[in-house]
Amino acid sequence: MIIHVFTSESVSEGHPDKIADQISDAILDAILAKDPLARVACETFVKTGMVLVGGEITTSAWVDVETITREVIKDIGYNSSDMGFDWASCSVLSAIGKQSLDIAQGVDNRETKILGAGDQGLMFGYASRETDVCMPAPIAYSHRLMARQAELRKNNKLPWLRPDGKCQLTLKYDQGKPVAIDTIVFSTQHAPEISHKDLVEAVREEIIKPVLPEEWLSAATRYYINPTGRFVIGGPLGDCGLTGRKIIVDTYGGMARHGGGCFSGKDPSKVDRSGAYAARHVAKNLVAAGIAEKCEIQVSYAIGVAEPTSISVDTFGTGHLRNNVIIDLIKTHFDLTPQGIIDHHDLFSPIYRQTAAYGHYGRDGLPWERLDKVAALAKAL
């Protein structure tokens, strides 16, 4: 038996950075719903009593930035300054300009079809057979724990829960397969009247146990639930939040590499977003087709150039075909130009706010999660 451990974390939809991500993507969705060819790079900053929305947006549409911002904060559940934020009373400031003409000339042609990538950059996609959604287990189950926290908060089963929170899972692996949970760290914002003892019991029984596989839990599993003892001050009252600061939470929890570019607030002409989604689609279909047990894809782009400047693959010794053969399969079955990616996944649709909490991968209903190339790829085996 060869045991190693790996840790990933997730954060709640009420975490300050995730508030910012959701506002940025809600504004993006509102613009794309009216103007699918808009160019959007929307950044959000949140702090006590204040939201600042900035960036570069070129569009024929008008959207009410203030109303959208307040609706997002309300949906998350910040309705009182006592818990760190109040959707009704916070100030909303806007500092939005237009996309640089120097960038636009490399991205668009006269028919407003995308010619080239919106920037240079490198992106990674990853998939493995660890879970039913082809995601690493630590990040997949961390997201599920945080989603469970929000569910019990919003349905009032645990009415003392508040929006901010985060969790961290350390899993034990035996020869590359998850076999047990070593450590659970779970911190949730709460109302002041709940005792620490009652909180710990409720989190363990109502959030953790229903989500995590029973066979992975044992007497050896370590639990750290609100280990400081108190988490009443949270949200933007406790920390400022900024779009794009949770890129590892958004992707693979550190199990795969990351190119550095964030997703939220960016329209699909930005390959930081669309290129990463396409790389995930490639990796997931390769794994599902049986070509590898796990697979990491890297693509890179040059600004104004349509074709990727490079495609590479790593199957970590689990591949059933040589890497050069896999790359040829990718080039044959996947159009990785920005326009090809956008067309295949219908990325001009307003689908992005849902991705801004609980991860961009391993979820139903997202076009880059489809297994639509498996049959064609499997023929190569």
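Each Cβ is built from the backbone N, Cα and C atoms, and glycine gets one as well.
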Stretch carrying region 'Flexible loop' according to Swiss-Prot (options 77-87, 99-109, 253-263): 99-109
Binding-site residues near Glu56 (L-methionine binding site), in sequence order, restricted to Asp17, Glu43, Gly165, Arg230, Asp239 and a 10 Å Cα cut-off: Glu43
Whole-number Å value of the largest CA-CA distance among His15, Asp164, Gly165, Lys166, Arg230, Phe231, Asp239, Arg245, Lys246, Lys266, listed as ATP-binding: 36
Integer Å distance between the CA atoms belonging to Glu43 (K(+) binding site) and Lys270 (L-methionine binding site): 14
Candidate with sparsest Cβ neighbourhood (10 Å radius) among Arg230, Lys246, the listed binding-site residues: Arg230
